[in-house]
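Below you'll find the structure, written out as structure tokens, and then a few comments.
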Amino acid sequence: MFLDQITIELRAGKGGNGVVAWRKEKYLPKGGPYGGNGGVGGSIIIESATHVYSFESYRNIRFLKAEDGRPGATNNRSGKNGKDLVLIVPEGTLLRDVETKEILYDFAKSGERLVVCRGGKGGKGNTFFKTSTNRAPTKATPGKPGEIRQVELELKLIADIGLVGFPNAGKSTLFNTLARTEVKVGAYPFTTLQPVLGLVPCQEKLYQKPWIIADIPGIIEGAHQNRGLGLDFLRHIERTRLLLFVIDICGCERSSPEEDLRILMDELVHYREDLADKNRIIALNKIDDLLPDERQERLESFQKLFPSETFVLVSGLTGEGVDLLNSLFTNKLAV
């Protein structure tokens, strides 16, 4: 499954120690101090990128450490600085300090960088302590420790595709078929109690990155007034690039499938008017319950009532129509 939250301890590198050394040359019996400073410890940097879409590369990692600085050397040579450790995370990553609960940064766009833990400063060699009154210092200092911080990385629900529908519309079954995974499915409302992310392979070979798909918990009429699971999940919808409305083509006792679609659209507009302009596809699901002629009749009814919408007949249970749906994702998103 999609890994969208991790806690990890980050340890910057320790600074290298300064050294005590003396200049030793044939004609300089009292050449004086010649010990170099230690190198700076490596820092830990977090950077966001578009080619990363989960925290999978950090799975089961409890801590990460940057390289220590090297000690100073003779001939007044400074030690080599430790290499910085750069963690690449997806766009939409929220960085939080575990101890203080403070949000350190919101990586909203690709290419953003933040130094999370700074490496320790290098110690001073005895050359540093030479003065007019102390010509032969024997003092050197150790390197400083690097910063240590335990952080939580959370991927905000920034998905390419968001599945929207009433409870029991078959969203989770369709999600499982698209993402080739297994989300809990049941014949009762709100099987999905929190958003679930998955990956849908893109059929366009030139587009290497899979689509991130989100199964949003079922919306009910009045969700914009915080009924049901309410506003928390409507907020997730605004962060998606494409909405996939999932409609039970057979309808339910309460209303017709056409009325279900109208209510869903109204809920989104009541929550935020600009959601009406978001790219969308309407999946008429559970066609396995209908004969071919009945499917076509229902499709024509929808097309007549909603002439500007894109419809596709699918069955999350049998997989019928899923390839066509995937090609529509490519047409809508691979731009």
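Quick reminder: no glycine exception, Cβ is built from N, Cα and C everywhere.
What Swiss-Prot records for this protein:
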DOMAIN    1-158  domain 'Obg'
DOMAIN    159-334  domain 'OBG-type G'
BINDING   165-172, 190-194, 215-218, 285-288, 315-317  GTP binding site
BINDING   S172, T192  Mg(2+) binding site
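In this view, the densest Cβ surroundings among the binding-site residues N168, S315 belong to S315, judged by other Cβ atoms lying within 10 Å.
Here S172 (Mg(2+) binding site) is positioned 10 angstrom away from G165 (GTP binding site), judged by their C-alpha atoms. The secondary structure of K286 (GTP binding site), as reduced to three states from DSSP, is coil rather than helix or strand. Looking only at other Cβ atoms within 10 Å, the busiest spot among the binding-site residues K171, K286 turns out to be K171. The distance from the Cα of K286 (GTP binding site) to the Cα of S172 (Mg(2+) binding site) comes to 12 Å. Secondary structure from DSSP puts G165 (GTP binding site) in coil. For the pair S315 (GTP binding site) and S172 (Mg(2+) binding site), the C-alpha distance works out to 12 angstrom.
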